[in-house]
Amino acid sequence: MPVAARVQRALHQVRHSVAAPARNPRMAVVIGRLLALAFLLCFATGLYSHFLQNPAPWMVFPTRPVWIYQVSQGLHITAGIACFPLLLAKLYTVFPELFQSPPVRSFTHLLERASIAVLVSASLVQITIGLLNTYQAYAWFDFSFRLTHYALSWVIIGSLAIHIGVKLPLIARYWRKRDSYHDDGSVLERVDDEDDPDAALDVPDELRRLTGESQTHGVTGRVFAWIDKTPPPADDSADARASRRGFLTAVAAAVGAVVVLTAGQSFRLFDATNLFAPRKQGVGAQGLPVNRTASAAGVLESAVAPEWTLAVSFGGVREVFSLARLEALPQHDVVLPIACVEGWSQNAPWRGPRLRDLLDAVGAPADAHVRITSLQERGGFGVTEMQPEFVRDELTLVALRLYGETLDIDHGYPARIIAPGRPGVLQTKWLSTIEVIS
Ligand code: HEM
Ligand SMILES: Nc1nc2c(c(=O)[nH]1)N[C@H]1C(S)=C(S)[C@@H](COP(=O)(O)O)O[C@H]1N2
Ligand SMILES: [Mo]
């Protein structure tokens, strides 16, 4: 038997030996739809998070509802965590396809399989680094997480679009349940094999019987094969149905479990069952989680220095605010969340002067963009920029108090920024300067 036929037979045999009731196209479509939904949700919320941090100059962001980013990033992390069981389930259902034969039918088929390889590997890396990031476990990947995660998201969405495009006939065919087990199996593709006619003729009868998927026909001096591109209809016995139900139940239970056990970091509803998320509401200084402590930021001395001031400048105009001067300005109370990019969030009552009142003191224009600098000397997030819609918002404060008490040093004493609808990473602590930049 020629090598090609031997390989083909081996592949068929593996494919048969790994066959299982839940491994069928209908299941691949059912799980695939949920996975695509989770991916698209992650992509949309991820882009929102990305542009809040790296805005194009023309972008204007909503400041209401104040929890818009809190919910968006909570959905990102929750849907992202749900991707773990969903992706594993999807890989389980399509596993036999790894052994399809012939492994490559044409150049387009090669591209299709390559795009799936890219999609699967990029997705596995994406969800893994995403999850590690939420546990602040950057230890073993010292590349830029955001850059990698952002680039991979385009790779994923691009290869997903190709994948869905290629599989559209199959997706349409198995979209509704009733079509799935009454398949007439007749999507045949004619493949001419001019290079090696003998190989096709040599495919043993045994193999044809085994697979029922390909036939070869000799026509005077010419050989071609009909390849059935439709996978065989799924087994519809009671056992197979029970097995599929069991599989779906296990997937649903796994998704439910990972969501219920972690979503409490983002959504109050699940607070009681938040056992595995990296953060828990109400735990931390003043009952609010802390990401970077004053000690980690290297501000233990500068933050409590009696000569501390906040300098606000617009061109040549500069006003210096001592803590007493900030306290003498009209004080406002707002309830706003810290909504970390890592998914955890918590609402809290803040008190302090409005940022716009400080900017009015230097005559800044209504559409001023500002750069905010922290006392922090080590690590990122010491400098942030803020667009006019947030700068002028009446809820954007230079917060001096939290839950009615002076800010804890870990929450940014003497003064921090708190604004509606922004990622926690932009809520700068231990303020030092505020400059109008345009
Ligand atoms: C296919 C699934 C996913 C896609 C398409 C996706 C996409 C994105 C994108 C585009 C961003 C913005 C990156 C930037 O600011 O430049 C982002 C941020 C983020 N994603 Fe995902 N993501 C996915 C899955 C996950 C998962 C599973 C997790 C964790 C469980 C996760 C955690 C994060 C975190 C923590 C950020 C914030 C990064 C930062 O601003 O520091 N992502 N994601
Ligand atoms: N100067 C400075 N401000 C900062 C940070 C920081 O590392 N340095 N961390 C940010 C991040 S990532 C978050 S989520 C919030 C957390 O605020 P909290 O510690 O008061 O809860 O502070 C933000 N402000
Ligand atoms: Mo954060």
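Placement of Cβ uses the backbone N, Cα and C atoms for every residue, glycine included.
Beyond the transmembrane segment (30-51), the same-chain residues lying 6 or more positions past its ends with a Cβ under 8 Å from any Cβ of the stretch are 59, 61, 69, 72-73, 75-76, 79-80, 82-83, 86-87, 89-90, 93, 123, 146, 149-150, 153, 156-157, 160, 164, 171, 248, 251, 341, 423. Residues or ranges marked as transmembrane segment in TrEMBL: 30-51 (among others).
Residues or ranges marked as domain 'Cytochrome b561 bacterial/Ni-hydrogenase' by TrEMBL: 34-165.
Look at TrEMBL and you will find 71-95 (among others) tagged as transmembrane segment.
According to TrEMBL, the transmembrane segment annotation covers 116-138 (among others).
TrEMBL lists 150-170 (among others) with the feature transmembrane segment. Within its own chain, the transmembrane segment (150-170) has Cβ neighbours under 8 Å at 25, 29, 36, 39-40, 42-43, 46-47, 50, 112, 115-116, 118-119, 122-123, 125-126, 187, 230, counting only residues six or more beyond its boundaries.
Look at TrEMBL and you will find 247-270 (among others) tagged as transmembrane segment.
Feature annotation from TrEMBL assigns domain 'Oxidoreductase molybdopterin-binding' to 305-437.
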Summary of DSSP states over the domain 'Oxidoreductase molybdopterin-binding' (305-437), given as helix, strand and coil counts:
23 helix, 54 strand, 56 coil
